[in-house]
Structure formats: C-alpha cells, structure tokens
C-alpha cells in the first residue's frame, strides 16, 4: 500500500512535526585540511565590525590593537562592536537594583570557590594550546609542561596545589625578563625493523632547552590556538574555534564561576541549567507575560538571532562589567578577576597549520606554515585567499594575528549571558516608563524576547527600543533572521514552544545506537538512552519498544553475538554455539554471549548482569564476574560510569549509566604506533598524571566533604587522610587490628621515602 506522507501530518500540529525538518540523521560534516582560512575570516570580520575604533600599538609585544569601545553610534542596521561603557555600567546598575545583593552574594560565593579550587581543575577539558611546544596537547599534559617550565624558572608557588597559587606564578612569569623552556624537536633516522627486517623511518622527539625573551613569552602566553569546529549540522560553511593556553584558562575559570553564580540567580538566564530545568524556567517567564497581558494587552514573542555575537563582544566591556560587579570587594579579588579580560584584549590568534600547495601534476606537495604568510609572494594564491592575507598582514606577528576586539567562541558564555539579561531586565514598566514592556530569555547568544503593549504600534515601539538598547551594548539583533509571532509559539535554544514545549526528538537521534566502548558499556548506554528519552522527550511506549528491538539487533551485528540458536554465521558463532549448548539456563546468558534479550520498556533501569543474575548457571556467574578472572576489567569501575553522548546541538554531554564489571568491560589497548614513537614519553607522563589525579580523587571524593585546603602536598594530604579513615574504620569495627597496623606501617614507609627523596 502506498502511503502519502502528508497524510501522516494531518492530525499533527505543524510544531509537533518540527522534528522532521532537522538535519540530524546521517553523519555530520567534518572539516578536512587546515583551519587557517576560517581563522583569517574571523580575524578580518572582527576588525571590520570595529573598524572605526582607535588603533594603538601594544608596548610589550608591538602588536597593533583596535579599540572600538565608545566608538561612533550606529547610523544604520549593520552589525558593529561599538559598545558604550556608560550604557553597560548603567545596565549593570539597573540589574542590581532589580536584584538587590545579587553581585555581593555572587562575589562571596566566588571567593570561597577561589580559596578551595585545586590546580587539577585545569586538567579537565580536551585540547589545550601548549605554549611550550606551540601546539595542542591534552589538558593534563599541557598543565604538567607549564608547571615543569615554571619550576625550571624558579616559580614554585603552585606546588601548594591551589589554583590561585598557580595563577600567582602565571602573573610573576609575565614580569620575567626571560623564560627558559623545554621544548621538543624531531629527529628522523632510518632503522631496520626487527620483525619485518625492512628499513623504516623512526622519528624520535628529543627535548631541548630554549630561552624566550619577555616579548616572545608574552606572545605565547596570550596566544589562542584555532581549529575548525567539527560536526556542525545545518551549515554550509565551517567556522573557527579557539583553544586558549594554560595561562589564560585559570583566570577565565574564575570569571565564569562568578558569572555562573549570577546567572543562577537570574530568572531570564538559560544558563547554567539545561534540559527539563531549563524548560521549566522558560515556561515561567512565558506564563508571567501571558497572565499579565490580560484582555487589554497584546503579547508578541521574537525568536531572536544575533549577528556574530562573539565578534562584536569586547573584552574591554567585560572588564568594565567586572569592575562594577566587584566594586566593594577586596583588592586581590578584583585583581584576579580582571586579568582574564585584560589578557583577552591583548590576545593573539594563531593561524593554525597554514596552507597546503600541490603542483599541477600532483607530484609535489608543500606546506606553507602560517609563520610564512607575512612574507610570501601572493601570486600563488587565489583571489579570495590573497585578499584575506593582504588584510591580515599588518596584524601578523610570528604566525599569530593580533586580535584585540571580539571574544572567540565559547570563552565567556556566562558573562555574556549576564550582559544580555541586563537588557531584558530593562523592559520592566518602571524602567520603560511607557505603555509597552518586555521580558525574555537569554542563553549565551540565543534569545527570545516577549513584548507586551496595548496595541501593535506599542509592540513595534518596544521592539525598536530593545533593538537600540542592544546596539549600545555591542549586541546586534539580526532583523533578517529574527521573527515575531503571537506569544505562545517561539523557539529558543532549539526548544520549540507551542503553549508548552514540543519534544524535538530528532535532536536525540545521534545518541541512539551502539557507542563502541565495549560490550558491557554499550548495552548499558543503549538502554539508558532509550529510558532517558521516554522520560524527557515524549518517546512513546510503542516507539521505545521498537527502538529497543532495533538497538539489540544493531548490538548483535556490531559484536557478532547473535543468539546461540540462530542460523547466522559469523566469526564468533562457533564459540557462541558451544557455550549455548553447554549452558543449562540459556536465559541467563548475556546478549553479548549469545543469550536472549530480556529487556523490555519496564526494566530498562536494571543493568543486564543484575537482570539475569538469578537465571545464570553457577559456573557462568563465576567466570563472568570473578575478580580473579584475568579477563574481568580491573580498571576501577565506579558503580556509575559516564559516557559521552552526542546530542545534536551544544557540546557532547556526559550521561551516567550503571556499570557492572564483567569479562565484557574490556578496555581497548592504545594503538601500537604511538608506543613506538618518541611520543611515548608524553603518553607515560599523561598516564602518570591521570593515575595521580585518580588516586587523589579516591582519597577525597568530592561528595564526602570539602577538598583539603592548605599548603600540604598531595602525598601528605593523602597520607593524613588515610590515617584518619583507618582510625575511624578501626574504632567502628569495620577493619581488624592487623589491617589497621598494616595501614599505619605503610603510611610511615611513604613518609620515610619522602624524607629520603
């Protein structure tokens, strides 16, 4: 029977069919090659938006810098970055007037956080620009290298383990006349491979010391590396994102802590909450506007879009905001928080890998690194690239472009939200002093604006006033891309509202399926995703049951573990059939061992091992979960593990799932190729840091009570904690006298070893 697809939607309101229009099936687009062009676009655009600002030269680095603050007032609708300081400060003052004590309280909370945050906070995060090697590294390695180089230069305050002390070292490093760094260099040599007896090129990385003068060091400390943002759906062009180095990261973290604390207290802020909590917050604002717009008033909502939010924001404006927010606070606190915006107003954007050239007959390929772009003959480039390079040349210093205005993606999401909310706050009747008033929602650069007025003229006047207020603060609402509707239908951060939020199920599509971690985790994640979508995203029972069957099928094909009584032949079927035949209780076999699927939509919350435990043969239980079985994963498995799932918008989010250690929770080994290179040392460092941090976490689980604060080293802290815990356990009868004595002996041994060292 042919189905006319339009019939499917006859009974469905258009908004509920929104899912079908989203570009979320199939693989997302990835970028290939270098991000140099995209970065140049960003730098050039940012300068263009602020072109009528004042040019100055940075006395330390010699970089030309453009300052658009308090620039000309706009004469047309083109996007500009000319924020007016007095307007921003006034918006902050009104925000404080509407929320008495908000800044004061947030400052106190932040001071407490600053006292307690440890350096290992900076090991969280993916790629980080490592200024010692001039390339990206995992966060833990980049931090380790930075601390190692600081120590080499006599900066050792950070050894206390507190983040604030590490930041003191950073400040001090910027005053030094020269910094000695340890950097890597590559040597290639031909050697004979033992296994294959062929000649291979072996690359070794040596470490060498190098001196940087003050200018060279400052340039590196202020550099943000750039990459192309991958996997962005629904866009034709790629765009560049930035990774800051370790010097900037800690300062940004504290500013964002303060801003987060403020956002939590603002009802119009879509950050830092997410999911259902966010929906509830939004629904409240809408409800308020609809109840107040009785029969006498009209209420309209704008689904807003801002033009190039990041490129028109300005770090100098953020400095003004912070100066105001912290105005009655201690000097040290104000200083710590003002460093991040100051560093950002002097930032340099690294242009990435440069350009790849190929000769016509494809015989020759050559890479033109970014450092060469300032001097190379431009006749080799096509027109558009030539224009980009010509424009950016005056800004180039050692392969990085001076970029004073603009914020780069994702650096101050919370603080820029505070700025946006301060405009929404000005819409109250007592401030507009006319018949119209507004309110709305702000989440980073995304906003929804609800305007109420007695008639259409009033609505128009309200929107115009909002638009102009935004302009004064360096925010450019796009008239082309924003649209207005009667209140009750709008979109905000990909949530679609129609008298309540409509589930946008397509968003979750990418996270369905087999994750590819291991058999145990994949089963657990798969059913958890289905469970979560039944709770949060209107996934109905019938569809969920179907999703479950599809998932099990997908899982069996991925791991070649079809049921023991199936006819399908795979590499594993021989072993699986053998197991099937010798198992008495076949229902007890895990799906990954060829067993039947016992999941249905009622028991998705139970880990498979627990679900089938009572049904298993005794010897199968013994093999599956025996800690002495060498195939049972010994990676300390927490009772709850975190998986990274890819929702369609926003960063990859972590999702908790239950983990039971069995023979199926294996951890794949690292690729051999890295172990044969000189990177091996880096890898070992990284694993060591990982182990130390994990060990420390074990001693001080964040849930128990506050992390140790003070000057003791990590080892001392762990030893003293071990002693306290042992005594408590001994006195409460949880451990025997011999165990207690042994723990005390081990602690003393550790202390002796430390003294000898």
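Even glycines carry a Cβ here, placed using N, Cα and C.
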For Swiss-Prot, the entry region 'Promoter-binding site' belongs, out of 249-256, 257-264, 265-272, to 249-256
Checking 169-177, 178-186, 187-195, 223-231 against Swiss-Prot, the stretch recorded as motif 'Nuclear localization signal' is 187-195
Identify the motif 'Nuclear localization signal' range according to Swiss-Prot, selecting from 147-160, 203-216, 273-286. 203-216
Go ahead and report the DSSP secondary structure tallies for the region 'Promoter-binding site' (249-256): helix first, then strand, then coil. 8 helix, 0 strand, 0 coil
Give residue numbers and ranges for long-range contacts of the region 'Promoter-binding site' (249-256): same chain, 6 or more residues beyond its ends, CB-CB under 8 A. 110, 113-114, 117, 121-122, 125, 128, 163, 166-167, 170, 318, 322, 336-337, 339-341, 343, 411-415
Limited to the motif 'Nuclear localization signal' (203-216), I'd like the whole-number average of pLDDT. 89
